[in-house]
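Participant: My questions all concern the structure below.
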Amino acid sequence: MQLLEERILTDGNILGENILKVDNFLTHQVDYRSMKAIGKVFAQKYAEAGITKVVTIEASGIAPAVYAAEAMDVPMIFAKKHKNITMTEGILTAEVYSFTKQVTSTVSIAGKFLSKEDKVLIIDDFLANGQAAKGLIEIIGQAGAQVVGVGIVIEKSFQDGRRLIEDMGIEVTSLARIKNFENGNLNFLEADA
C-alpha cells in the first residue's frame with residue numbers, strides 16, 4: 001500500500017536494529033483517515049470470503065480492525081490482555097508473547113462472541129514473530145470458527161511471523177512489508193495489497 005509506505009518513511013522512527021516506532025499515526029495517536037483507507041483495502045481483499053467477524057488484540061490493532069470491520073459491515077472483537085472481573089464464564093484464552101514489551105500475557109475473548117459458523121479475519125498492527133496472531137488463531141479455533149486470513153498493517157519480513165502463520169495454512173495479507181533496517185533506513189518488499 002503506497003500511501004502506508006510513504007507514511008512510514010515520513011513519520012516512522014527506527015529504534016535500534018529491529019524496532020519501528022509509528023506512534024504518531026498507528027500505535028498511540030491514530031490517524032483515522034489512514035486507518036479508514038487501510039480498512040477499505042482489507043475489505044476489498046476479503047470481499048468474497050464471507051467474513052462474519054474481525055478479531056484483533058488490544059490495543060494498537062483496534063484502530064485498523066474497527067475500520068476493516070466497518071468496511072465489511074461486521075462486528076469487531078478484540079482480545080483482552082488482562083483479566084476482567086466481568087468476564088466470568090465461557091472464556092477462550094491463549095498465551096501470547098509480546099516482542100516489543102518482552103512479556104507473556106494471557107489473552108482472552110468471551111466465547112459467546114464466536115461460533116463455529118464464523119469466518120474470521122484477524123487484523124493486527126504489526127507482524128514480527130507471529131505470536132499475537134498465533135494466539136488469536138488458537139482462541140478462534142477453540143470456538144470452532146474458521147480463520148480465513150490474517151491482515152497486517154506492517155510486517156517485519158525479516159522475522160519469522162509470516163512463515164509461522166502460513167505454515168498453519170492461513171493466508172497473510174500485509175499492507176507494508178519491511179525487508180530490513182539498514183544504516184538507519186528501512187527497505188520494503190512488495191506488499192500483498
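The backbone N, Cα and C atoms fix where each Cβ goes, and this holds for glycine too.
Not my notes, these are from Swiss-Prot:
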type	residues	note
BINDING	Leu20, Thr27, Lys156	xanthine binding site
BINDING	Ala128, Asn129, Gly130, Gln131, Ala132	5-phospho-alpha-D-ribose 1-diphosphate binding site
Participant: Suppose we draw a 10 Å sphere around the Cβ of Gln131 (5-phospho-alpha-D-ribose 1-diphosphate binding site). How many other Cβ atoms does it contain, all chains included?
Facilitator: 20
Participant: Looking at Cβ-Cβ distances, which residues of the chain lie under 8 angstroms from Leu20 (xanthine binding site) while being 6 or more apart from it?
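Facilitator: Listed in sequence order, they are Ile8, Gly12, Asn13, Ile14, Phe126, Ile154, Lys156, Ile178, Phe181, Leu186.
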Participant: Take the mean position of the Cβ atoms of Ala128, Asn129, Gly130, Gln131, Ala132, the recorded 5-phospho-alpha-D-ribose 1-diphosphate site. Which other residues of that chain put their Cβ within 8 Å of it?
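Facilitator: For the 5-phospho-alpha-D-ribose 1-diphosphate site the neighbour list reads Tyr97, Phe99, Leu127, Ala133, Lys134, Gln159, Gly161, Leu164.
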Participant: Among the binding-site residues listed here (Thr27, Asn129), identify the one with the smallest other-Cβ count within 10 Å.
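Facilitator: It is Asn129 that, of the binding-site residues Thr27, Asn129, has the fewest other Cβ atoms within 10 Å.
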Participant: CB neighbours of Ala128 (5-phospho-alpha-D-ribose 1-diphosphate binding site) within 10 A?
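Facilitator: Its Cβ has 24 other Cβ atoms within 10 Å.
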Participant: Between Ala128 (5-phospho-alpha-D-ribose 1-diphosphate binding site) and Thr27 (xanthine binding site), how many Å separate their Cα atoms?
Facilitator: 15
Participant: Rounded to a whole angstrom, what is the C-alpha distance between Gln131 (5-phospho-alpha-D-ribose 1-diphosphate binding site) and Thr27 (xanthine binding site)?
Facilitator: 18
Participant: Around the xanthine site formed by Leu20, Thr27, Lys156, which additional residues qualify by having Cβ within 8 Å of the site's Cβ center?
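Facilitator: Here the non-site neighbours turn out to be Gly12, Ile19, Lys21, Val22, Thr100, Asp125, Phe126, Ala128, Ile154, Ile178.
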Participant: Give the distance between the Cα atoms of Ala132 (5-phospho-alpha-D-ribose 1-diphosphate binding site) and Thr27 (xanthine binding site), rounded to the nearest whole Å.
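Facilitator: Computed Cα spacing between Ala132 (5-phospho-alpha-D-ribose 1-diphosphate binding site) and Thr27 (xanthine binding site) is 15 Å.
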Participant: What is the number of other Cβ atoms found within 10 Å of the Cβ of Ala132 (5-phospho-alpha-D-ribose 1-diphosphate binding site)?
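Facilitator: Here the count is 28.
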Participant: Taking the Cβ of Gly130 (5-phospho-alpha-D-ribose 1-diphosphate binding site) as the reference point, list residues of the same chain whose Cβ is under 8 angstroms away and which are at least six residues distant in sequence.
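Facilitator: The answer is Gln159, Asp160, Gly161, Arg162, Arg163, Leu164, Ile165.
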